[in-house]
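Taking it in order: structure first as structure tokens, then the write-up.
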Amino acid sequence: MKKTIKKYSFAYLLILPSIISLFIVQVIPSLQGLYISLIKLNQFTFKDFLKAPFVGLQNYFFILFDPNSMVRVGLLGAIRNSAIFTICVISGTLVMGLGLAILLNQNFKGKGLARTLLLLPWIIPTYIVGLLASFMYSYDGIINRVLVNILHILPEPLSWKVGPLTLVSIILITIWRFFPMTMLMYLAALQGISKDYYEAAEIDGANDLQKFWYITLPFLKPVTAMMILYGLIQHIYSFNIAAMMFGLGSGYPGKWGDLIMTNLMRNSFSLWQYGPGGAASIVLMLLVLLLVMVWLKIFKDSITIE
Amino acid sequence: MDYKTKRKIKRIASQVLLWIAVIIVIFPIVYLVAISGSTSNSIRTGTEFQHISIHRYIKNFIEMQKNANFFNYFKNSLIVITITTFIALTLSIFAGYALAKFKFPGSNLFGITMLSTQLIPPTLILIPMYLIFITIQRTIGLQLIDTYYGLIIPYVAIFTPMSIWVMRGFFANLPSELEEAARIDGCSRFQAFRLIMLPLATPGIIATGIFIFLTAWDELMLASVLTTSAKVQTIPIGIRLFIGRIQNRFDLTMMAALVITIPVAIIFFALQKYFVQGMTAGAVKG
């Protein structure tokens with residue numbers, strides 16, 4: 001033991017600062033979060049939280065099964081919304097990213113310009129995206145005006161920010177913000193596919209669709225797998241766009257567009273429901289862990305972790 | 001129709017499609033730039049494009065600063081995020097190098113723990129963090145809420161794990177022979193790292209640095225809980241208060257949004273090559 005530490009002392013020295021910061025900010029608070037989920041912590045016990053009464057799994061029961069709890073209704077609705085949101089955003093960014101990467105992956109004049117312009121949404125901070133979206137989606141906003149008055153696609157303006165369309169509008173703007181990264185990854189992967197495969201397929205008489213299905217897609221599987229995992233973690237915990245679109249603090253998106261994070265932040269910090277908030281965070285983490293395991297099962301063969 | 005014409009039509013069609021997509025994608029950004037030089041009333045009534053002028057841009061810019069003390073938030077963001085980027089980058093260079101070049105007992109555990117922190121919901125650590133900060137202040141009188149370092153400490157730890165993996169990818173691609181040669185020539189471990197590996201990893205370091213900077217520039221949730229006064233509040237909080245304070249000044253809000261985006265855009269365009277290279281290298285190699 002002493003010998004190995006000495007042998008690798010340089011390596012241990014290098015990771016030591018990261019371990020310390022990991023402990024202070026991730027490990028200890030996580031354990032504390034677990035503890036908070038087991039105590040009754042609200043505005044009355046908050047002042048001295050170490051003395052708050054221990055209630056066991058009561059918070060978990062409260063958020064998951066208690067038929068009288070409004071928090072449960074709100075949270076389950078938010079989980080449903082977040083599930084729809086995450087699935088739609090991941091598939092949307094994958095489809096849009098792949099489509100545009102394929103269009104970009106040919107030689108033509110202005111290719112560099114097109115690529116740079118398509119990457120632009122990526123550099124807009126997400127809270128600005130939410131703010132801008134809230135202007136654009138308003139009833140008299142530019143989106144309604146373009147759709148109704150200029151393109152004549154709709155007979156009358158839609159209410160994007162209130163009612164059932166709320167989630168759709170958050171999904172659309174989130175796809176807009178996040179597709180450039182997927183596009184870039186796909187573009188890099190496409191450039192790594194040797195032309196020989198396509199030429200051989202052409203000689204065998206394959207059409208475009210067959211080439212895409214049997215050559216391009218299998219080659220892109222590792223990137224797709226990484227992007228799904230990345231999207232899963234990023235979008236389940238999505239907060240900024242929805243929060244800024246609907247104004248932090250006041251009401252948030254309402255039941256039609258409430259996501260897990262907007263719901264948890266409101267319950268914890270505006271309504272003083274720290275205990276249930278902690279319990280919900282733990283449940284959420286287990287849920288994400290489960291999803292990652294499913295992901296591993298599906299993509300086991302296409303991912304190599306050195 | 002012969003094969004050649006068919007191919008040509010396909011080519012033209014795909015380019016038309018691409019440029020249509022480009023127009024749709026950049027439309028919101030053009031709109032942002034345009035209306036920040038328009039008037040509030042015209043944005044509300046849908047005549048914003050008729051009132052854009054250079055004069056308006058200047059006027060909105062000055063009014064925005066006057067009404068909201070905007071550059072105070074800008075300064076806070078810049079201080080917090082520059083220090084965060086510097087520390088987090090240093091930690092990830094060290095740890096990334098260690099993970100890439102040494103196979104020490106516990107290296108797998110360390111790597112996996114780092115990755116699994118990404119699964120923790122931000123709310124799980126945010127509530128305890130807030131309580132710990134308050135408890136520290138009550139017991140030993142050290143104020144952490146509403147201070148620069150009260151924001152920098154969590155930021156560093158939150159942005160480090162991903163960066164370690166990106167840095168690890170870069171170091172893993174560098175040949176170890178150079179380092180061994182330097183060791184034979186009498187360099188110490190640290191000298192070999194500093195003189196040989198570090199310069200070679202510069203593109204990766206720049207890419208990781210931009211990655212941390214951009215992510216931190218975008219952070220809203222922690223800042224909204226851990227800061228309470230304009231003294232340290234960062235831009236996303238500032239702009240939120242700004243909307244509340246001068247209600248319905250869409251033009252000023254959009255001017256602020258434009259000003260916030262400009263430094264990010266400059267960094268991105270200046271270092272685009274490294275950034276794109278870094279992001280793809282990290283992910284494609286998995």
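Any Cβ shown, glycine's included, is placed from N, Cα and C.
All TrEMBL annotations are machine predictions without curation.
Counting only same-chain residues 6+ beyond the ends of the transmembrane segment (B:12-34), those with a CB under 8 A from a CB of the stretch are 48-49, 52, 254, 257-258, 261. The annotation transmembrane segment is assigned in TrEMBL to B:12-34 (among others).
Annotation comment: TrEMBL describes B:74-271 as domain 'ABC transmembrane type-1'.
Residues or ranges marked as transmembrane segment in TrEMBL: B:78-100 (among others).
Look at TrEMBL and you will find B:112-136 (among others) tagged as transmembrane segment. Proximity of distant same-chain residues to the transmembrane segment (B:112-136), defined by a Cβ-Cβ separation under 8 Å and at least 6 residues beyond the stretch ends, is recorded for 95, 142, 144-145, 150, 154, 160-162, 164-165, 221-222, 225-226.
If one looks beyond the transmembrane segment (B:148-171) by at least 6 residues along the same chain, the residues whose Cβ comes under 8 Å of a Cβ in the stretch are 76, 79-81, 83-84, 87-89, 91-93, 95-97, 99-101, 111, 114-115, 117-118, 125, 129, 133, 197, 201, 203-205, 207-208, 211-212, 215-216, 219, 222-223, 226-227, 232, 234, 278, 281-282, 285. Marked as transmembrane segment by TrEMBL: B:148-171 (among others).
Sequence-distant contacts of the transmembrane segment (B:192-214) (same chain, at least 6 residues past either end, Cβ-Cβ under 8 Å): 81-82, 84-85, 88-89, 92-93, 97, 101, 159, 162-163, 166-167, 169-171, 174, 178-179, 182-183, 264, 267-268, 271, 274-275, 277-279, 281-282. Residues annotated as transmembrane segment in TrEMBL: B:192-214 (among others).
If you look up TrEMBL, you'll see B:250-271 (among others) marked as transmembrane segment. Remote same-chain partners of the transmembrane segment (B:250-271), defined as residues 6 or more beyond its termini with a Cβ less than 8 Å from a stretch Cβ, comprise 32-33, 35-40, 43-44, 56-57, 60-61, 63-64, 67-68, 70, 74, 206-207, 210, 213-214, 217, 235, 239, 242-243.
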